[in-house]
Structure formats: C-alpha cells, structure tokens
Amino acid sequence: MTHKKQTLGEFIIEHQASFKYSSGELSSLINSIRLAAKVVNHEVNKAGLVDIIGQFGETNIQGEDQQKLDVYANNKFIQTMTNRNIVCGIASEEEDDFISINSQDEKHQNKYVVLIDPLDGSTNIDVNVSVGTIFSIYRRITPIGTPVTIDDFLQKGSQQVAAGYIVYGTSTMLVYTTGDGVNGFTLNPAIGSFYLSHPDMEFPEDGNIYSVNEGNYLDFPLGIKKYIKYCQMEEDERPYTSRYIGSLVSDFHRNMIKGGIYLYPKSTKNPNGKLRLLYECNPMAFLAEQAKGKASDGFTRILDIQPTELHQRVPFICGSKNMVEKAEEFMREFQ
Ligand code: AHM
Ligand code: MG
C-alpha cells in the first residue's frame, strides 16, 4: 500500500491550530527556517567543489568575495528571518551580541526571539562529514512594542517554545519540536520539499553507543573517567560501542535513533565544557526530553540552568534516559 507523505509545510499548517499560543507567527517562523535551511543545504552540498570553483574566503571569478560556509549560513538565517519580519530579536553563536529587529511600520511587534548556531561542527565540512544547524525559540519576556533586551535571551531552557536542528548528512533532515513530541522531515532534493519521514521520534530508554572525545580522557573529571570505563567493561550488555563524529547534531541524531549517550564534559582545557548553553545545549536538551531522553550537566537538568551570559558554556551529557542517569550516578559518587 502506498500513501502520500506529508510535507513539512502541510504539517506546520495542520499543527498550527493545536499550538497553545497559536497566532500563525510561530508557524511563519518555522517556515522561514525551513526556507533558509534549503538554501544553506544547497551551499553545503557544493562544499566539495571549492577546489574547482575557488576557496571560500577568496574572490570568485565574478569578483565577488566568497564567504566561509559558517559565515554564509549565519547571514542566510539572519537575513531570512529579518526580511520576513517575524522575530523581534536574534542571537547567534557567530555574533558577539544579540540583534534587535525593528520594522519600519510595526515597531517591535513580534513576540519571538531566536537563538541559533548556524553551522555547528563546521570543521567537518573540509572532510565531507555531516554538519548541522541548531535553533531555539522563546517568547520575549519584555513588553511588545519595546526593543528586546538581554533578558529576552537569557531565559531558562525550560521556557523554549520550539527547538530543532537541520542535519546536512547523507540526506538532509529537519527535526523539531514545539513541545508536543519530536518529528523529523527529510528533504527530497529533486523536488525541494521536506517530507515527514520520522514521526514521533524517541530515544530508546537504553542504548549501547557512547559518544565522547576520548582524546581528552586524562583531563576529564573522575566521575566521567569512571563512567567511560564502565561503558568499556565486559558485563551485561557491555562493552558499548564508541561512536564520535565530532558534530553534535549528527551524534545526537544517531543516538536518538539507535540509543546512546553523548558527553562533552569539562576538562582542564575547557573548565566549563565546550558547548554553548543557549545555542547548542538548551535546544538539544529540549529535543531530548521531548523524545523521552535526558540532558544534564552531570548534576543539574540542562533546562533548569539560569543563563547569565549569551555565550555561556556548560558540560553536556545527553541521550537515552537510563544511560544519562547512570552517568549522573558516577558524577555524584566520584566528585
Ligand atoms: P563548534 O560550535 O565550534 O562547531 O563546536 C561544537 C562542536 C560540536 O558539534 C561537537 O560535538 C564538538 O564541537 C566537537 O568538539 P571536539 O572536536 O573538541 O571533540
Ligand atoms: Mg557550535
């Protein structure tokens, strides 16, 4: 039996009414992310051609400056959301400060702010390995009609109304949540549409994959060292398999489908971990919880951490519920 797959556009319209703050604004916002994702995807797919058509950062044959892909992605997402006048503010991992958006005719009337990591894991681009975009959406807390302030961006992750990622992999997928489960859409490049391919995504409660940069092992806290040894021990279902792409979106995506845990702990080199709370950890933590997984800094639920600055870093442990709880157990026991 064949049945027609739903497109992301259709899915957004169908779910708009059920969204608790429904006014169409959030749907337009997700739609604009979908559009920018397609444009960025096109550019990412051409990355392997740089030797033929010129390096990023160089001037191309038309005399135009070619941008590095992460700069390109940053500009594209910001431009799309600004032009369509659907958010009141944007913060990006690529920008030092947040951007306040104000249209000529409607002064600060939009209610959402977006935080974005436009191209995460971008060092993987040079070697043709998957990268991703991560986004996080909040309702502003300052009054409509006034410019956004830093407080609109420094909200706890538990206040997110939507979050998602795009993985530019063997196929390109957009995966997102509006707080009612997680759904994944695969891009059909021939047609240019995303189709619902992974409805109601969930982390298996347990898994057998651990993903961590073990090159930093000697610098890890004792609890993490002990947990890694536990993963490697021959007992019950162990040893687990080690899989580390070094691209958070891809490692998360695989672990969500197969069952696994991702860890980026603190180390001597990175005393607060490496990943950014606002652009990376909060959105992934929201997705993880919506997919019945867990996300923690080893002791505290990520979504409960009160951010104090835009580019704050935190240790990050995320994945299948039982695995994250086990890692937390080790953190508590071996401080
Ligand atoms: P980036 O924001 O500079 O791209 O760094 C984030 C990336 C994650 O996608 C990935 O999981 C991690 O950094 C890999 O770091 P490392 O190379 O230290 O293992
Ligand atoms: Mg990043």
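The backbone N, Cα and C atoms fix where each Cβ goes, and this holds for glycine too.
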- TrEMBL has Asn213, Tyr262, Leu263, Tyr264, Lys274 down as binding substrate; which of Tyr195, Tyr244 does it also list for that site? Tyr244
- In TrEMBL, the Mg(2+) 2 site includes Asp117, Asp120. Which of Glu237, Glu280, Glu289, Glu309 does it also list there? Glu280
- Per TrEMBL, Asp117, Leu119 bind Mg(2+) 1; matching candidate in Glu43, Glu93, Glu94: Glu93
- Query: Within the set Leu119, Asp120, Asn213, Tyr244, which binding-site residues show a CB-to-ligand 1 distance under 6 A?
  - Reply: Asp120, Asn213
- Task: Look up Asn213 (substrate binding site) in the DSSP assignment and report helix, strand or coil.
- Result: coil
- Message: So if I take the binding-site residues (Glu93, Asp117, Asp120, Tyr244, Leu263) and measure from each Cβ to the nearest atom of ligand 2, which come out below 6 Å?
- Response: Glu93, Asp117, Asp120
- Message: Treating G and I as helix alongside H, and B as strand alongside E, what does DSSP give for the domain 'Fructose-1-6-bisphosphatase class 1 C-terminal' (204-331) in helix, strand and coil?
- Response: 56 helix, 22 strand, 50 coil
